[in-house]
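Heads up: the structure comes next, in structure tokens.
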Amino acid sequence: MAGGEAGVTLGQPHLSRQDLATLDVTKLTPLSHEVISRQATINIGTIGHVAHGKSTVVKAISGVHTVRFKNELERNITIKLGYANAKIYKLDDPSCPRPECYRSCGSSTPDEFPTDIPGTKGNFKLVRHVSFVDCPGHDILMATMLNGAAVMDAALLLIAGNESCPQPQTSEHLAAIEIMKLKHILILQNKIDLVKESQAKEQYDQILAFVQGTVAEGAPIIPISAQLKYNIEVVCEYIVKKIPVPPRDFTSEPRLIVIRSFDVNKPGCEVDDLKGGVAGGSILKGVLKVGQEIEVRPGIVSKDSEGKLMCKPIFSKIVSLFAEHNDLQYAAPGGLIGVGTKIDPTLCRADRMVGQVLGAVGALPEIFTELEISYFLLRRLLGVRTEGDKKAAKVQKLSKNEVLMVNIGSLSTGGRVSAVKADLGKIVLTNPVCTEVGEKIALSRRVEKHWRLIGWGQIRRGVTIKPTVDDD
């Protein structure tokens, strides 16, 4: 921070100032102005059938295209988790009718700007800063949601207006939401510009019948066209009015699950100009601050001469924090946060740190190599259409020595079932994981060359390993 006082953010002067010297964590809320000016505090998952327009809706609201990778653009599908932040504003002129008084903009927009609607006066003022988690297909979505790699507060369920409802995946998404215990849902009837009014009304009745008796019963159904940005302000209004501000824990020791990591150095960079690795993730609890000493577990994993797993946690320091393009002095739960560290960049390149947990030194949970879980299996495989042969889609019981894929936090690792009885199972993990008793994990099995979600479990206890520490 050249030329300025330390502890005061200099980037984006048009946003609210953050000062570490005066920060009182106990007074922060998910609506504190100095927080939502720069970062999102509410996470909303977008759920829906493939090609029903999830990414387009996110783009219409936030102006951010969540499809970032070349192979995703070519196939027009989302493969990695996409995050996009949006600020939602409300006009402070009471004469302006709803829903026109709501507006959404990208996360670097100033917190107040004058109205441009003819016949109204006053300013648009920031009321919410939300983060959309645009999940690839439902299997990954369910695993992501289940193991809590991101705290989800609400969901947008997308249904395309030009197809009949429900599509096979849609019922799974509802199952996913039920498993997740997500209470707040908005149903968006998209592509309304492609159908006649009678068709839209007919589908509206189909949707009503479909959600009856599920968690989504009573959820508002909003007709929109994401491409034409039609009715997007209604979605903004409902996000403000229908999704309550979630309770957040700002006072605990901070903990972040890494879902992305990268080396930001360009090839041929001078040694003196090298920057440390960057880890990205969603903070589950606590507040991370610039200058804070951090620990990353399990850290560097290796095997000793006897083939036993060893872990060496990485210790480092936070040099920068950012949310999309906004610099932060401190970061609170919600949204995707980038953490610039002094970690060797080669350890971070190309998502190498995914699955690790970052937090305050000495406050992170144990590292497990074996887990004992109480598990719950789904009755049938999701998303497998079975005609005739009904047996194929039934989920078979866990068998001893089979290899499952286990999702814990953001880590996907293999796990061999070493013992199983009734609803308890023991799993030996291929990679060690930093987690704690009581955490939820997702279980997937290989079915016809694909990993399919077959159930979830909760950690009862397990075998932990002591991290090794350098003597120097």
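Backbone N, Cα and C atoms are what each Cβ position is placed from, and that goes for glycine too.
Annotated in Swiss-Prot:
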{"type": "BINDING", "residues": "A51, H52, G53, K54, S55, T56, N190, K191, I192, D193, S225, A226, Q227", "note": "GTP binding site"}
{"type": "DOMAIN", "residues": "39-248", "note": "domain 'tr-type G'"}
{"type": "MOD_RES", "residues": "A2", "note": "N-acetylalanine"}
{"type": "MOD_RES", "residues": "S16", "note": "phosphoserine"}
{"type": "REGION", "residues": "48-55", "note": "region 'G1'"}
{"type": "REGION", "residues": "76-80", "note": "region 'G2'"}
{"type": "REGION", "residues": "134-137", "note": "region 'G3'"}
{"type": "REGION", "residues": "190-193", "note": "region 'G4'"}
{"type": "REGION", "residues": "457-469", "note": "region 'Interacts with CDC123'"}
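Of all the Cβ atoms in the protein chains shown, 22 others lie within 10 Å of the Cβ of I192 (GTP binding site). Comparing the binding-site residues N190, S225, Q227 by how many other C-beta atoms lie within 10 angstroms of each C-beta, the top residue is N190. DSSP assignment over the region 'Interacts with CDC123' (457-469) gives 0 helix, 9 strand, 4 coil. For the region 'G1' (48-55), the mean pLDDT of the prediction comes to 61.
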